[in-house]
Amino acid sequence: MGWSTAWCSVLALWLLWCAVCSNAASGDGNAFPFDIEGSAVVGRQDPSETSDSGVTLGRLPPAAERCDAGFFRTLSGECAPCDCNGNSHECLDGSGFCLHCQRNTTGEHCEKCLDGYIGDSIRGTPRFCQPCPCPLPHLANFAESCYRKNGAVRCICKENYVGPNCERCAPGYYGNPLLIGSTCKKCDCSGNSDPNLIFEDCDEITGQCRNCLRNTTGFKCERCAPGYYGDARTAKNCAVCNCGGGPCDSVTGECLEEGFEVPTGCDKCVWDLTDDLRLAALSIEESKSGLLSVSSGAAAHRHVTDMNSTIHLLRTRLSERENQYTLRKIQINNSENTLRSLLPDVEGLHEKGSQASRKGMLVEKESMDTIDQATHLVEQAHNMRDKIQEINSKMLYYGENQELGPEEIAEKLVLAQKMLEEIRSRQPFLTHRELVDEEADEAQELLSQAENWQRLHNDTRSLFPVVLEQLDDYNAKLSDLQESINQALDHVRDAEDMNRAITFKQRDHEKQHERVKEQMEVVGASLSMSADSLTIPQLTLEELDEIIKNASGIYAEIDGAKNELQGKLSNLSNLSHDLVQEATDHAYNLQQEADELSRNLHSSDMNGLVQKALDASNVYENIANYVSEANETAELALNITDRIYDAVSGIDTQIIYHKDESDNLLNQARELQAKADSSNDEAVADTSRRVGGALWRKGALRDRLNDAVKQLQAAERGDAHQRLGQSKLFIEEANKTTAAVQQVTTPMANNLSNWSQNLQTFDSSAYNTAVDSARDAVRNLTEVVPQLLDQLRTVEQKRPASNISASIQRIRELIAQTRSVASKIQVSMMFDGQSAVEVHPKVSVDDLKAFTSISLYMKPPPKPAEPTGAWVADQFVLYLGSKNAKKEYMGLAIKNDNLVYVYNLGMKDVEILLDSKPVSSWPAYFSIVKIERVGKHGKVFLTVPSLSSTAEEKFIKKGEFAGDDSLLDLTPEDTVFYVGGVPANFKLPASLNLPSYSGCLELATLNNDVISLYNFKHIYNMDPSKSVPCARDKLAFTQSRAASYFFDGSSYAVVRDITRRGKFGQVTRFDIEIRTPADNGLVLLMVNGSMFFSLEMRNGYLHVFYDFGFSNGPVHLEDTLKKAQINDAKYHEISIIYHNDKKMILVVDRRHVKSTDNEKKKIPFTDIYIGGAPQEVLQSRTLRAHLPLDINFRGCMKGFQFQKKDFNLLEQTETLGVGYGCPEDSLISRRAYFNGQSFIASIQKISFFDGFEGGFNFRTLQPNGLLFYYTSGSDVFSISLDNGTVVMDVKGIKVMSTDKQYHDGLPHFVVTSISDTRYELVVDKSRLRGKNPTKGKAEQTQTTEKKFYFGGSPISPQYANFTGCISNAYFTRLDRDVEVEDFQRYSEKVHTSLYECPIESSPLFLLHKKGKNSSKPKTNKQGEKSKDAPSWDPIGLKFLEQKAPRDSHCHLSSSPRAIEHAYQYGGTANSRQEFEHEQGDFGEKSQFAIRLKTRSSHGMIFYVSDQEENDFMTLFLAHGRLVFMFNVGHKKLKIRSQEKYNDGLWHDVIFIREKSSGRLVIDGLRVLEERLPPSGAAWKIKGPIYLGGVAPGRAVKNVQITSVYSFSGCLGNLQLNGASITSASQTFSVTPCFEGPMETGTYFSTEGGYVVLDESFNIGLKFEIAFEVRPRSSSGTLVHGHSVNGEYLNVHMRNGQVIVKVNNGVRDFSTSVTPKQNLCDGRWHRITVIRDSNVVQLDVDSEVNHVVGPLNPKPVDHREPVFVGGVPESLLTPRLAPSKPFTGCIRHFVIDSRPVSFSKAALVSGAVSINSCPTA
């Protein structure tokens, strides 16, 4: 029975264990991570699982009773069927959980598929789970798991696989998963792939590596490439073979013979050799370290001997230098001899080439003669053939007409045959045939020889450039060698001078040594005599003795503290390392102070002994302070240790508590076990199960507690012991340092006693001298500091070439940024009824005059249930207005529990009471309050949100000022803005004189600008750091704040290391949503050195500028078709996609806008700026040279993503000034700027002639312009400016202002009102009225929608359009309240900016003199420079917007975008500008400044000289380096930069000549200076200043030939002695410095210019001219040729038509072609002109026309000069009307099938750019 009971218990426990394990397993299986068919899986719960655990289990039947297969025993004892969805026939008794699920299923009821399988085991077909088809179900399944979504299978691929069905290998792996048996393996490129990639790049199918780096090759980049040798796998040191281009061993580098193949099987030898070499290198390093460790010091007493040996050594080296100099001189002589021998060879080669050319011409002539003879022979043969044919025809004729007998015929035939044989045998024919064959052979031979000579001649000519280049390099090397020799001579002379100086110094030292001995004797006598003179310092010495005694006491206390610390060390468990380190630092400082004192004590300077005594006193005080600080630090460390010990004790207490609970559980389990002993078998089994569970839980709890204890001990006490040990070491070190200090300071008493004996006779005059010196220094500083401040201001106003001005500017920027950040702190302040805040208004008072709006969040304290004194019904909220508070103000208050808005415009208050929602009924969270004033109309808004929904309660109340005033007339110095209360010395007006506000308050906006309480001027009775603000709930009106960011035009965000969230791949994507009304702004920016990427908004359209190191320069991607204008105050989704490292795509609102291809380059950036960037980044040289825009973004952004990964911009550490949310008020366009050709229009329901009132601000410098216009039939209502007078015209009745100076650039406010009795016009505060002639007549009110205009009108010919700004417009409407117009909502906007109005100021003379009657905008606005002002731009080169009118027929602008005051040189050898100058410009000192940008290595930049070029000054490029040179008498001073500056970036260069010294300053950082001895000769300059090049034949005398040719690049901002040089007297092949992409072609600029071809081209009686053009204007001269007798040819365009005019000496005749396709469409078009005597044909693309002129009986074929692109007017005949020069590009110019090179033209005059043509 006992055995049976035991077995039953074991069986019950086993069943319980199985149930627990099954439950745990099923629980784990429930964590299925995928959403199937878009719905979440909800687990089912069996009722038995939720049964009470305390139910008695006596109903469970004995274990021997089993249910059938497919059934399980429930707790009630019944058999129930298993619910396993047909996937199992076994389930667990009690719970019904299924066991042994089949068909790849799992779960409590086999209702789910295993990972890697998919199907519907419950309802699906088939009814079992199949392997995931990723990509193949059974044979190739590479998915972790899969699921269905939207009817499709989604695979979760393994690590090495990608694709919707895992059908591809991931990047960095290769293989073909679709091929059965194939898997994805990792790429193996031996570590020689691109290190910038996160994986090795190989073919995704074969695994062959792409782009092997480090000079490697092979399938896996496993060996060095041909021509290299080394270890490609391990050492990765493949180096170039040194075999003269021949092959070498790929491992050792040994040179091999041609065709030699490296045998296989030598790998072991190579690796053995590599190991031996490595061991040899290690032994060499050991030997080297041993040699370096050998000491080479010398004794001090042998210093003189060593000096003599050094002199001897220097003399030896001097002789070596002389020998080297002699050797160099011999080498130079040899080089010169070699050069002399080389020059005859070159001349011989040239002579041989000439002889070959002459022989070729002779052979050609003889060949032509032979051909003529052969032609003559052929003609003779033809004549003979004709005669034979004639004879034959005659024979036939006579044979037919005469009947001959057979005998006669036979005779004749025999005779004919004889004649034929005789003819054949005649000698002349044979001789001529042989001669012809021989001459033909000789001609062929001569022709081949001529070809060979021609080939040799061409080869010889091809060698000329190489030889010349070698000669040039050799010449440069000789120059460098000469300079090196000169430098060596200088060094030799310097060494000789140093030797002499050393000798003299040695003698001086010996003499000084003797004098020192004598002075020492004198000093000894003085010391003995000064003992009696020191009575005054005696008191000081006694005080020092006292200090020493105190220090001794302090050290005793330190010893006591040390013992106390050592006693407490045993209780320490943790100690702060930082505090101990600080104590050690203090001890170290003590050591330093002691050392300093010791040095002072050992000094023998008698005149400083008193001061040293004072220093010693200060040192003692410092020692005492440091010791006390060390004690405090130690005490602090002890306190921290005690706190940590208490914390550990608390943890021990918790552990003991848990242990007691465990014991209680154990006792309960034992009691249960005791009770279970008396129960039956079922109870025993149940009890055993419960006891086992309790024991298991107890054991688990104990294990957890033990683990916790161990972790605590390991983490805390172990670390504490370790730190304690460290602390002991530190304290011991501190004690040792303190002991050392004591040892050092102990001799002080002895030294002081010595002082007392030696300083008795010291004179006290040293004190008086020191005091007088200090007084004089203070007085001097007092005088100098104001002067320094003045100089600081002066330096700040000058050109920022120094770091001081930049620092000042940076400080100001930081202050502005700080204020900007403070204005965006969206946190409330708690006001207690006594506090107040004065806020910076941030908005100009001019902007507040006509329109004022303030919004804020308020949370007043709740009203108590019972009246108390704490709650106040009347409270002051805010005040904005004048300081005198009598008029011109507005405010907000609470009166009688209601919100009250008060404003005053000069006479009386207007109070608007919002009584529909008492303040006491507001909820206990923030509500929005907004007060607004438009003119005389006021309004207060209240928005009360709801916590439970997005619904809001809105309340509004309106009011109106009854007087005539409409402006809030404030001045900046008289304006204050108080919130919550006012200071005690400020008196509020009576309507606002209430108790201060109690509660929380937060400012939101002021006139649409974000504002904050934390941007305060002063705070009163408040500490913001202690006053806890109220938390603002995220209610309905703030939901949008969390997802969007606001940029105010000065803020920006920076995301560092964007690759931490995503990687650059085949497709790189940036996404962002923006919302803005601005025209311009910087959206995204990435910079890395000279490479950059910029996404900008210009005039409302997107532009992308980027350069990833492209060889062709930056790429510009723009919305040329104007598909997406984004400055409409709506959100637009922008995507930048970079595909396959070579294609940039711009997508807006998921629509493709533009794309462009570029050179294949990866994105080289890791950081990105959003919405703007710091000024130091925007003003960098890279961005200044390429980016036209540096305006930060203003508006809202959200959803910034990189590779579809979101970034929270406010969490970035360097984000500056970015605010939460997107305030709607900040996106309203209340202002519009008109340029004289623009207007805006809208259609609304407004009655302008009946009960109308409207107003607006305007600001302009133009005296005339249409401000507002409306028409209804013949009735017109308009407001305009006429000669500075405001005129209102209503149905022909005009009301005019009395003042005529409203075009002064200041803001003015206009209010118009029309009633049935009068018309009224108010300008500022001047009121004018006129009678309504329709008084008493009933007029029907217009209720239909009508169009009205601001700024101009397309239907008003009477008025010119307005130039200036209009803002804050409002109307009285029929359908809504008075409010400010949002111009963004207007339906028609033509060339109008709705974002900013440029601040314009009138010139001084305009304030006293009337302007002209002109509607065009003035050109002398602020920001433009006068003619006399310097044109140097201190910030950088600006982009020049050309003022030339654009041709309406042309797609391209006539003036491409260029840099202001910068010009492009090059293309021809003598491209240049010439400037005239005065003689006084070049005196003893002359200074030039210039900016340059080039990629050329040679070229002339600047040159000026006299007529004979004896006196000269020049700046040029040589081998990429800048060289500044001028003459000093017969010598030349040359300054050459060490670095190269032909990097394509802008550089500032200043070169100065001052008598015989020169200075070269580059970029304000590098200063090079040289000097020559003055010559005394006069320095005179007479010729012009050459810039960019010189005239032919100039500068060759002084500059090497390669640098004489023209500079190729851009030069700008030339200044002479601080004055700008702008007007060139002559220009040759110089154009503005264009920015943007360029292509091959010759560009003729709008400034005019032409090209004169060389003499090898002429237009005579017969020719063909062909060329391609891309015009930028529809008219202009293309080609012109003329002769002295009046004949000419002229090809030009006129309004898109191509015309050819010809005069052949008889009369003019012409033809023309009007192409169907516009020539000015921005594309290339081909034009061909063909002349054959009097016939002229013109081809334009595929269209042809011709003309036949009169014949000239005596034609003369003249050689006429050919002009291209223009012609001087003096050469045009009266019959040929002058035509303007051609503007555009010309290329592929051909005359008679011979291409023309404009770079070799006879003359290039004017603004013509050779071989460089802008494309946009």
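Even glycines carry a Cβ here, placed using N, Cα and C.
Noted in Swiss-Prot for the protein shown:
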type	residues	note
DISULFID	Cys82-Cys91	disulfide bond
DISULFID	Cys101-Cys110	disulfide bond
DISULFID	Cys113-Cys129	disulfide bond
DISULFID	Cys134-Cys155	disulfide bond
DISULFID	Cys157-Cys166	disulfide bond
DISULFID	Cys169-Cys184	disulfide bond
DISULFID	Cys187-Cys202	disulfide bond
DISULFID	Cys212-Cys221	disulfide bond
DISULFID	Cys224-Cys238	disulfide bond
DISULFID	Cys1000-Cys1030	disulfide bond
DISULFID	Cys1196-Cys1222	disulfide bond
DISULFID	Cys1785-Cys1813	disulfide bond
DOMAIN	82-131	domain 'Laminin EGF-like 1'
DOMAIN	241-255	domain 'Laminin EGF-like 4'
SIGNAL	1-24	signal peptide
Count of other CB atoms lying within 10 Å of the CB belonging to Cys134 (disulfide bond): 28
Fewest other Cβ within 10 angstroms of its own Cβ, chosen from the disulfide-bonded residues Cys155, Cys169, Cys221, Cys224, Cys1030: Cys1030
Model confidence over the domain 'Laminin EGF-like 1' (82-131), averaged pLDDT: 81
The domain 'Laminin EGF-like 4' (241-255), counted residue by residue under DSSP: helix, strand, coil: 0 helix, 2 strand, 13 coil
Nearest-integer angstrom distance between the alpha carbons (Cα) of Cys155 (disulfide bond) and Cys91 (disulfide bond): 32
Least buried by Cβ count (within 10 Å) of the disulfide-bonded residues Cys202, Cys1000, Cys1196, Cys1222: Cys1222
Residue, out of the disulfide-bonded residues Cys110, Cys1813, whose Cβ gathers the largest set of other Cβ atoms within 10 Å: Cys110
Most Cβ neighbours inside 10 Å, all chains, among the disulfide-bonded residues Cys82, Cys113: Cys113
Distance check against Cys166 (disulfide bond) for the disulfide-bonded residues Cys129, Cys134, Cys221, Cys1000, keeping those with Cα within 10 Å: Cys134
For Cys184 (disulfide bond), nearby residues of its own chain (Cβ under 8 Å, 6 or more apart in sequence): Phe142, Asn160, Tyr161, Cys169, Ala170, Tyr173, Tyr174, Gly175, Pro177
Helix, strand and coil totals (DSSP H, G, I; E, B; other) for the domain 'Laminin EGF-like 1' (82-131): 0 helix, 12 strand, 38 coil
Those disulfide-bonded residues of Cys157, Cys221, Cys1000 having Cα within 10 angstroms of Cys134 (disulfide bond): Cys157
Candidate nearest Cys221 (disulfide bond) in space, where candidates are the disulfide-bonded residues Cys82, Cys238, Cys1785 and distance is Cα-Cα: Cys238
Listed in sequence order, residues with CB under 8 A of Cys212 (disulfide bond) and six or more positions away: Cys189, Asn192, Ser193, Gly218, Cys221, Ala225
Assigned element (helix, strand, coil) containing Cys212 (disulfide bond), judged by DSSP: coil
Rounded inter-Cα distance in Å - Cys82 (disulfide bond), Cys110 (disulfide bond): 11
Rounded Cα separation (Å) that holds between Cys91 (disulfide bond) and Cys129 (disulfide bond): 20
Cα-nearest neighbour of Cys1813 (disulfide bond) within the listed disulfide-bonded residues, Cys110, Cys113, Cys187, Cys1030: Cys187
Spatial neighbours, same chain, of Cys1785 (disulfide bond) - Cβ under 8 Å, 6+ residues apart: Gly1641, Thr1642, Tyr1643, Phe1644, Val1669, Arg1670, Cys1813
DSSP state at Cys1785 (disulfide bond), helix/strand/coil: strand
